[in-house]
């Protein structure tokens, strides 16, 4: 190409033609223009981006999480605060259940649909909020969800009928809870590698803290200011928690703008498919304990309303202690999936042990162990799933997919337990058998996911 240009440049200039000839288009002048255009084209090719999406993904995968530091632990604090709201609020529905049943005179199963809808939406919207988190819309997503939570809470304080409560507390608040949950989790996951299970477990302690704070606010303010203002105070607490978390959050990964909301190919991975199935069963029975232990205390053992709520606070408070302990053990000794399967098995056994409780002392002791088992099983759930993911930028999408499917089981769980109790003339025997069987089966399926990764090897930390 350069040789042609030099020949044209060194050749003597011909006399100007009398008239342009249309029958000879391939002249030397045309060759010169073509060569110059080609060079310009080559130059523009050099200036244009040459990295492919796969190469960009490889560059992103080379990012090394700080795995500590003040900023990283502030992200854990922010996620802890959001978990106080996202899961502490619906876990505290046992207090509302008791109040609504006494004031509205409705069956247990019907009232539990309000709390179940909350939990369902908190899970179901994770697939969308998780994808928004992966795309970089962290703070805006939390702000939108916070508005719905606070608005729904204040509307609940004005409700007088069942359908009004169902729309305000079940639908509106549930939508907000589902929107705010995933973004902080994605941020925490991106800041840690070796200490990931511990960080996620500590952030999950917010669930236990929230399930103590919110029922305490409702229960102990009702005698002083009434139910309406007690609920509004809970709304103000939710607002303050969200504001602090938005200020603290600092996303570190480059947003992944492209990509599907739902990755169907993920279910071709055996471990991920088995983990999803185990989680589905786990959340079907999980909320049986937190939704019904105070009703059991009041209706079967003979607790007063105040004492039954205190029992719920003890159960939820023990989960705060359990989560960081299991997270530390999972990171350093056992592995997240191993710990998750083991704790799920223990929780299933605890539901069977519930059958032997028939006194106030026994119920207090049982509440301590049940709360610890529930917190331990939930605390390493995020870390167990994260250990199956190779690309941290997909944490929001993959985790959101699992949560969305678990939404359907968590929606059916408490009404299923309530229906079993109603059909059993108010006894809890068969409800305990159902919950224990489902959770033990879920633990075996989670262990199958672990075997799909490691094979039949016992001493493998995963």
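Counting starts with 1 at the first residue shown.
Positions of Cβ are set from backbone N, Cα and C atoms, glycine also.
Per TrEMBL, the feature region 'Disordered' maps to 1-68. What TrEMBL records for 53-64 is compositional bias 'Acidic residues'. Per TrEMBL, transmembrane segment is recorded for 70-90, 110-130, 137-156, 162-185, 197-221, 227-249, 270-297, 309-330, 337-357, 363-389, 401-421, 427-453.
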Given 137-156, 162-185, 337-357, 427-453, the one sharing the most C-beta pairs under 8 Å with the transmembrane segment (401-421) is 427-453
Can the transmembrane segment (363-389) be said to touch the transmembrane segment (110-130) if we require at least 3 CB pairs below 8 Å and skip pairs under 6 apart in sequence? no
Please work out which recorded stretch in 70-90, 270-297, 309-330, 427-453 has the most C-beta pairs separated by under 8 angstroms from the transmembrane segment (197-221)? 309-330
So, does the transmembrane segment (337-357) come close enough to the transmembrane segment (70-90) to give 3+ Cβ pairs below 8 Å, pairs being at least 6 apart in sequence? no
When each of 110-130, 162-185, 270-297, 309-330 is checked against the transmembrane segment (337-357) for Cβ pairs under 8 Å, which one has the most? 270-297
May I ask for the residues of the chain that lie six or more residues beyond the transmembrane segment (162-185) and have a Cβ under 8 Å from a Cβ within it? 75, 78-79, 82-83, 85-87, 89-90, 96, 100, 104, 106, 110, 113-115, 117-126, 128-130, 132-133, 137-139, 141-142, 144-153, 155-156, 200, 203, 242, 245, 249, 382, 395-396, 399-400, 403
